[in-house]
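For reference, the structure discussed in these notes is given below.
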Amino acid sequence: MHDISELSYMFFIPIFFASIALPLNVNGILSNLGIILFFTILAVLTKLLPGYLVARGFQFSKMDSLTVVGGGMVSRGEMALIIVQIGLAEKLISNQIYSTLVIVVILSTIIAPFILKRSFK
């Protein structure tokens, strides 16, 4: 069973990410750098802050609340990728908005390990 699980991850995960990347509009990304920066900061803060507040409510230290719990929540973006892909497929969002949102998810996922790294110092 373990081998089938590994094989399915090795097969389906690259297909999933390739399907996300195919519709990206590079011009849309380059023309929206300010918006991308704003929404990346907003995405990180809206995941970091609730994780921090809940962890503090459970008596975690301030640093653990911020880095371990809050930072661990920042990287959760796979559901957002699925939702924006559905929005694009159903023509609810434009290709430019899709590209912007995908880059925001990717950037917030890249930022997460740097936040988590602070918890191991």
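Cβ atoms are placed via backbone N, Cα and C, with glycine included.
Annotations in TrEMBL come from automatic prediction, not curation.
For reference, TrEMBL has these:
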- 3-118: domain 'Cation/H+ exchanger transmembrane' (DOMAIN)
- 7-26: transmembrane segment (TRANSMEM)
- 32-54: transmembrane segment (TRANSMEM)
- 66-89: transmembrane segment (TRANSMEM)
- 95-116: transmembrane segment (TRANSMEM)
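Same-chain neighbours of the transmembrane segment (7-26): 81, 85, 88, 95-96, 98-99, 102-103, counting only residues six or more beyond its ends whose CB sits under 8 Å from a CB of the stretch. Applying DSSP to the domain 'Cation/H+ exchanger transmembrane' (3-118) sorts its residues as follows: 99 helix, 0 strand, 17 coil.
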